[in-house]
C-alpha cells in the first residue's frame, strides 16, 4: 500500500492491519508523554483546500505524536489564492522533499492526481463528494471497540448520502470487513449510481432502526446544494431525524454515530447526541489513533522491522 486514496483500495487484511495497529498506538495517547520516535526526521504536509477542524487537527496531532515535522498549508493566504494550480503546488512540495501529503480538496479525484505528481505518500483526507477513507477507518475502529467486531454488523447510514464522501467510503470499507450496510435517505438525497453500490437502500428510517446494530447519522450538506432536495428542514427532521423516541426503538446494544459536524435539532437531537449510546466524542479520539496507524504504515514505520525502538508497545 503506497498511498491511501480510497477505502475501496484496501483489502480486508490491509484494513485489519490498520485497525490492529491503531489499537496498539492508542496506548500512546494514555501516556503522560504522548510521543513515539517512529517518524522522526519525516515531513508531513497537511494540504487543505477546504475548511476543516476535526480532520486537520487530528492528522496534525497524529503526525506530531509520531515525532514527524508537520507543515500546515491552507489555500487561503497562499499562492493558490493567486491562481496557482494543484499541480504546481504539488511540484513545490516535491521540490521541498515532503515525505507525506495529507490532502483535502473540493474536486473528486484530486488526491489520486496528486499521487501522480509527487514521490511521497499521499493520504486522501476528503476529495469533494467522493471519498474520505480515514473517516471510514476510524468509524470501523469505533464499531469494533464498542461492539467487539465489524463482521456481521447491520449498519444504517442515514441522511444526505448524495453529497457524502463519508457514506461512500464507509460502504466500501464496511462491506469489505463483512458488515451489512443499508443507506436510508429520501430519493433526492441518494446518488444516481447508488444501485451499483454494495449495499441495500431504504426510504423508511422507522423500518430500519430496530434491525440495526449501528446507526450513523449524516448532516445535510446545504453548502453543496444548488436547489431544494426536500420540502423543509422541519419535514426532513420529522422523517429522517434521530430523536429520543426513535432512539428508544433501537436495540439495547445499538450505538449512534456521527462523523461531524452535527446540526443538532435537524438530523440528530441534542438528547441523542449527548446520550451514552452516542460515540461522537469517541470517534474524534479514535481518529487520532487511526491516523497515527496510517502514517506509521505508509511512511515506513517499524512495523516492518521488529525490534526497532519505534515499534508500538
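Including glycine, each Cβ sits where the backbone N, Cα and C put it.
Predicted, not measured: the structure shown is a model, and the values here were computed from it.
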### Summary
Out of 23, 104, 162, Swiss-Prot lists as part of the carbamoyl phosphate site with 54, 55, 132, 135, 260, 261 the residue 104
#### Entry: Distance, residue 219 (L-aspartate binding site) to residue 54 (carbamoyl phosphate binding site) (CA atoms, angstrom)
15
### Query
What are the other residues, in sequence order, whose C-beta lies within 8 angstroms of the center of the C-beta atoms of 54, 55, 104, 132, 135, 260, 261 at the carbamoyl phosphate site?
52, 53, 58, 125, 126, 166, 259
### Query
DSSP on residue 104 (carbamoyl phosphate binding site), three-state: which is it?
strand
#### Entry: Fewest-neighbour residue among binding-site residues, criterion Cβ within 10 Å, set 54, 132
54
### Whole-number Å value of the largest CA-CA distance among 54, 55, 104, 132, 135, 260, 261, listed as carbamoyl phosphate-binding
16
### C-alpha spacing of residue 165 (L-aspartate binding site) relative to residue 55 (carbamoyl phosphate binding site), in angstrom
13
